[in-house]
């Protein structure tokens, strides 16, 4: 009898994932059926828009996933990363040093919100849109789906000075990364698995210039970096072009476990990526991801559900416009 292979595995894993997290999501009062009666086509509307966006610009997949990460780590999953500054003396999260000229996809979120407001006025939160978009963007470029639990409440506050210290940074070591994730209720395994989000996307060359040209201030290349890989980087990222882009892994634009293979073969880019292998747990999960890519895809979905359950620290209501607040409705 022929086996269904990966498709059967995917169905089984997704079913297990759903039941594992039903209880957790229930505690956060989230549900996969939250909009079934008030906006039954919400998920399909979001998926159709994301599919179109990513077909037009494959690089948007990483950008849209990243918005959900950056949202949840600051003030919880409340859509606060989407808010514009309305007071010149108060900068919002998107204007913070770690986010400014780094995040994109805001126009696409606004477009999705507009279509949802036409279909179901005053129903779907901006925070829920980010959660759905992150899942759909990942699936569009090769990742596995996961159930998105819905019912998040948008926040009204967004402050740039809360970003520093809340988000993981590219120079963080393993201990610092674990500490940052622990602040929002995520453990070391979650950190290692969610780092796999770097399977897609690009980074400015300048983000790894220190490793490439001035490791520890010695004007040398990080000796742990594969020599041929370093030579390729120097050819594509000369010191005079810090704002050029480099793919974060060898299969740029496809969500898979190649990111971990790159780390294990000394071809990681960022210090925070390479730091994963400084701890036995990181090595263990990197090897596991390479040897069993399906397990990684499954566990990434589990970790995304857990991250998506980070509660809003200051819930406000459902915002009609994702970029600014208005009286509650």
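Keep in mind that glycine also has a Cβ here, set from the backbone N, Cα and C atoms.
Automatic prediction, not curation, is the source of TrEMBL annotations.
Copied from TrEMBL, the annotated features are:
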type	residues	note
DOMAIN	29-326	domain 'Plant heme peroxidase family profile'
DISULFID	39-120	disulfide bond
BINDING	71, 74, 76, 78, 80, 93	Ca(2+) 1 binding site
DISULFID	72-77	disulfide bond
BINDING	198	heme b binding site
DISULFID	205-237	disulfide bond
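Recorded residues residue 72 (disulfide bond) and residue 93 (Ca(2+) 1 binding site) have their alpha carbons 12 Å apart, per Cα-Cα distance. Taking the centroid of the Cβ atoms of 71, 74, 76, 78, 80, 93 as the Ca(2+) 1 site, the other same-chain residues with Cβ within 8 Å of it are 70, 72, 73, 75, 77, 79, 81, 155, 158, 312. Annotation for the disulfide-bonded residues 39, 237: lowest Cβ count within 10 Å of the residue's own Cβ, 39. By the criterion of other Cβ atoms within 10 Å of the residue's own Cβ, the least surrounded of the disulfide-bonded residues 72, 120 is 120. For the pair the residue listed as 'heme b binding site' and residue 205 (disulfide bond), the C-alpha distance works out to 15 angstrom. Of all the binding-site residues in the list 74, 76, 78, 93, the shortest Cα-Cα distance to residue 205 (disulfide bond) is found for 93. Long-range C-beta contacts of residue 74 (Ca(2+) 1 binding site), restricted to its own chain and to partners at least six residues apart, with a cutoff below 8 Å, comprise 80, 81, 93, 162, 163, 166, 167. Within 10 Å of the C-beta of residue 198 (heme b binding site) we count 22 further C-beta atoms, all protein chains included.
Fewest other C-beta atoms within 10 angstroms, among the disulfide-bonded residues 77, 205, are seen around 205. Taking the Cα atom of each, residue 71 (Ca(2+) 1 binding site) and residue 77 (disulfide bond) are about 6 angstrom apart.
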